[in-house]
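One structure below.
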Amino acid sequence: MGNDSGSILEAQSAISLPVSISTVGRENAAASPAETLGVDEMVSDDAFPDGGLTAWLTVFGAFLALFSSFGQMSAFGTFQSWYAAHQLQHMNADAISWIGSIQLWVFFFSGGFIGRIFDFLMATSVATKYYQFILTQGILFGLGVGLLFYPALAAISTHFSKRRATALGIASVGSGIGGTVYPILLQRLFVRLNFAWGVRISGFICLALCAVSVCTITSHPRPQPRNRSARSWFDVKMLHDKPFILLICGSCFIALGLFTPSFYLVSYATAHGVPTATAFSLLAILNGGSVLGRLAPTPLADTYGRLALLVPCTFLAGLTTLVLWSLAHTLAPLVVYAALYGVFSGAFNALIVPCVAQISDVRAVGSRIGLLYSVISFPSLAGGPVAGALLKAGNSYTGLIMLSGTSVVVGSAFMMWAKLAIDRRVFASV
């Protein structure tokens, strides 16, 4: 990739760098940027526009891009339930879930090397066989989401420094709103028209929104720090950084169970007598809750610490699954669970990248986040099929619920371990 400004490593670095990376503890704190790099290497906040029509149009375009891409990927539970009742009714739930899991894996794994391009969703409309769904929706659409997601957010980061968190927060809401709208839209299109035209109309909507994105997203020339030395592609020193390794371990456990509710909540509801149309709304409620979960942590994390907020949010995401989902057999408690889980799981998505940036040398943030996403792509790939296999083996949702909740709770324990490795004070603002 060389010095290509579209490099995903530079993109992720741009996405993730906080406005100022302060020390994360007193006794065992990571070095500040000035200590690590020297003042001459720091890029001044004044080098970024931090506003203006072009910058905010970029935020608007990224909002539309995330609405169309990650927002629609968040609606896979709609497809999972539809396939199980129609095109792939002869197949088990674990086999069908491979489509969504591969989609997630491609999206996360591609984070290590993506440049730019778009989407192959409409090819799904003509698919009739399992391998065709795997190819079109699992691989091509997952790749398209990644190709659209990362550069859109990277472009925002070239325009903002002081307001970067706010700008990225506004854009990321697009994925939550998309995840709220698409389950309802797709289900109604599938019923009132048919599956093929439902997917095509969805694809045309994406095409229109992304056309606007292409016209509005721009990249501001990024100033380069002085005394910039050459960097290797992979720094083995990161493998000896205990807090970072603990964050990766925790993220792997969380990724194993985090997406299970998105895959199986709709089918669980219908199996317990909730009308199909209403059951699809649960996925919209879950994704709607994630909008709040993505927005609220930003100001709170600056006050109380990113890891200090990440730990309880991930723990509560797992706990609500173990307690509320396992005991929810009617619509009302399912709605409560979907909303709460959306908030807490959305907080993980919003906080994990800033946590990595906070404990990292500013020059290594991009490669560390690339490694994080690439590693967690594998448990993301396995989570759905493993949950489906448990459903098939026990003919009950209990096993997959226990796996989902337990893995997220275990992941939160690793996050707490990482926090204590940075600062031994339990309630420190890390």
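Heads up, the Cβ atoms here are built off N, Cα and C, so glycines get one too.
Any TrEMBL annotation is an automated prediction that lacks curation.
Database features (TrEMBL):
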type: TRANSMEM; residues: 55-83; note: transmembrane segment
type: TRANSMEM; residues: 95-118; note: transmembrane segment
type: TRANSMEM; residues: 130-153; note: transmembrane segment
type: TRANSMEM; residues: 165-185; note: transmembrane segment
type: TRANSMEM; residues: 197-218; note: transmembrane segment
type: TRANSMEM; residues: 244-265; note: transmembrane segment
type: TRANSMEM; residues: 277-295; note: transmembrane segment
type: TRANSMEM; residues: 307-328; note: transmembrane segment
type: TRANSMEM; residues: 334-357; note: transmembrane segment
type: TRANSMEM; residues: 369-391; note: transmembrane segment
type: TRANSMEM; residues: 397-418; note: transmembrane segment
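Of the two recorded stretches, the transmembrane segment (277-295) lies close to the transmembrane segment (165-185), with three or more CB pairs under 8 Å once pairs fewer than 6 apart in sequence are set aside. When Cβ-Cβ distances below 8 Å are used as the criterion, the transmembrane segment (244-265) is approached by residues 74, 76-77, 80, 93, 97, 100-101, 104, 108, 238, 282-283, 286-287, 314, 317-318, 321, 325, 334, 338, 341, 345, 348, 352, 355-356, 359-360, 368, 371-372, 375-376, 378-380, 382-384, 386-388, 391, 397, 400-401, 403-408, 410-415, 417-418, 421 of the same chain, each at least six residues removed from its ends. The listed stretches are 55-83, 165-185, 397-418; of these, 165-185 has the most Cβ pairs under 8 Å to the transmembrane segment (334-357). Through the fold, the transmembrane segment (55-83) approaches residues 49, 89, 91, 93, 96-97, 99-100, 103-104, 107, 119, 121, 133, 137, 141-142, 144-145, 148-149, 152-153, 155-156, 159-160, 167, 170-183, 186-187, 190, 195, 202, 205-206, 209-210, 212-218, 220, 262-267, 270, 276, 279-280, 283, 287, 290 of its own chain, all at least 6 residues removed from its boundaries and within a Cβ separation under 8 Å.
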